[in-house]
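Q: Reproduced below are the annotations present in TrEMBL:
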ACT_SITE  GLU260  active site, proton donor
ACT_SITE  GLU457  active site, proton acceptor
BINDING   ASP128, HIS168, ASP176, LYS372, HIS377, THR419, ASN458, ALA459, ARG487  substrate binding site
Amino acid sequence: MALTLRSSTSFLAAHDPCSKLLNKPEDAPPSCVAVPQQAPARLRALRAAAQAPPAPMEAPAPVQSELLHGQVQQAHAGGGRPSRGGVPVFVMLPLDTVGPGGQLSRARALAASLMALRTAGVEGVMVDVWWGVVERDGPGRYDWEGYAELVRMVERAGLRLQMVMSFHQCGGNVGDSCNIPLPPWVLEEVSADQDIVYTDRSGRRNPEYISLGCDTLPVLKGRTPVQVYSDYMRSFRDRFSGHLGTVIAEVQVGLGPCGELRYPSYPEANGTWRFPGIGEFQCYDKYMRASLQAAAVAAGHENWGTSGPHDAGEYKQFPEETGFFRRDGTWSTEYGHFFLKWYSGMLLEHGDRVLAAAEAIFGGTGVTLSAKVAGIHWHYRTRSHAAELTAGYYNTRHHDGYGPIARMLARHGAVLNFTCMEMKDEQQPGHAGCSPELLVQQVRAAARAARVELAGENALERYDEQAFAQVAATAEAAGLSAFTYLRMNRNLFDGDNWRRFVAFVKTMADGGARTALPRCDTEHSDLYVGFVDAAKEQRAPESEAAAAL
């Protein structure tokens, strides 16, 4: 079966001797697909860049913005710029690509999907490497076989991998389509001591991620959480040593719920939180309370350490409904500064510990390290930035919360991966005080000032041209080192969605700049996409993938 796509953009390019298709693995099927032309040296340059020291960057021109945040007035020098080959695009694989039992899911459909992505000019794919899958059988008993099969499959497809060390639970958040809990032996420890998971003011426990309050305590069968994460990453390195820096281009280190450096302040499970609620502080397990008490004593205000803020409201409330987050609320007092500095400082220390371990383990392997920061854009236009504060980002009208994060990542040579790159202010509900565009500007300035590379993701599943155009514009302005698209599924391979996605990949390969159509393709063109095996015609890869997913 052949598939004909109606397209307003021609993706047919002159024969490139360095094309992935013309130099495909021997076992790849013959193809009649022409792909967007890419810089021939891009793949070699990316590999070399992983081992080379960062080059000095030009100082960008100042960026003017509305005075909603004192830090978003000038973009400082630093940060990475895309190579001349443009911004590489990766695609997130389904959450259950390797399922709870450790087997690779839907292998035939996956292979077809990878082939389709390759023909589109995609650089590679991202996959969650679930702690709850790999170490499910007991402490130190690792099952990497499903992921090893995936690495081989991606290598045959001529793609690269971003692999996420996912130390969190899957299930209960936006876009979670399956349930993969923490390892059973870890949940046994949680049952014995419920304070090793995050807890809110009402005493609700959240099993998404181990509380950072016990990072250095032997609460997991005699090991500390940081030791457990380190042993896991070391085993991963040893198992995949032959592919690090080549097929496996990047290791993203999970640092919290959804793999993000944050507290689980806005859990959707059971309707606990609803957008655009402010969320709640997660500092009420006994280990976090002990740390708060010690910090209060050290500050000479012992009474400040008895509990978290009493006037911070509830998950679904708005800032002005609370004493802490309202315009001139408790957040702006001496006590508020003490608490927010401690709360955000604990998060930074957690990220620092885990990334230091990752740096020691993966140093010299050629892989790029990265960490993900959440794009919490609601209530950004208020003074307190309440939703960011409960998540652990001490970011207010008068205090920059992203500079310290960027500097921490820079110490470990890690890329700052930020979400909500597809969002525009005008698309957000007016009552929520959103400003994803100004938030991205602030994070971009922080990354440049810290001389750390910035990469991006879309926060929500989008297939429209407006979202793709916003990502491309941000990539060009911010100099993204890479972009990872959420997510590969049946919808992506739908005719119009696929056409727009392929055009987007080409735009990103051109550095994010929109290019004019050639004269020969000013009208809609018919793009034939298909595979022929000897005399037998087969279905196009995106058609087969869509049918099987």
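Just so it is clear, glycine is given a Cβ too, placed from its N, Cα and C backbone atoms.
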Q: Can you grab the distance from ASN458 (substrate binding site) over to the residue listed as 'active site, proton donor'? Cα atoms, rounded to a whole Å.
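A: Checking the Cα atoms of ASN458 (substrate binding site) and the residue listed as 'active site, proton donor' gives a distance of 14 Å.
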Q: When the number of other CB atoms within 10 A of each residue's CB is tallied over all shown chains, which of the binding-site residues HIS377, ARG487 has the maximum?
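A: Answer by Cβ density within 10 Å: HIS377.
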Q: How many Å lie between the Cα of ARG487 (substrate binding site) and the Cα of GLU457 (active site, proton acceptor)?
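A: Here the two Cα atoms lie 10 Å apart.
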Q: Using a 10 Å radius around its CB, how many other CB atoms surround GLU457 (active site, proton acceptor)?
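A: Around GLU457 (active site, proton acceptor), other Cβ atoms within 10 Å: 22.
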Q: In angstrom units, rounded to an integer, how far apart are the Cα atoms of the residue listed as 'active site, proton donor' and the residue listed as 'active site, proton acceptor'?
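A: Checking the Cα atoms of the residue listed as 'active site, proton donor' and the residue listed as 'active site, proton acceptor' gives a distance of 12 Å.
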Q: Just how many other Cβ atoms lie inside 10 Å of the Cβ on ASN458 (substrate binding site)?
A: 22
Q: Cα of GLU457 (active site, proton acceptor) to Cα of HIS377 (substrate binding site): how many Å, rounded?
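A: Computed Cα spacing between GLU457 (active site, proton acceptor) and HIS377 (substrate binding site) is 14 Å.
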Q: In sequence order, which residues at least six apart in the same chain have a CB under 8 Å from the CB of ASP128 (substrate binding site)?
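A: Listed in sequence order, they are LEU95, THR97, VAL164, SER166, CYS170, GLY259.
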Q: Give the number of CB atoms, excluding that of GLU260 (active site, proton donor) itself, located within 10 Å of its CB.
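A: For GLU260 (active site, proton donor), the 10 Å Cβ neighbour count is 24.
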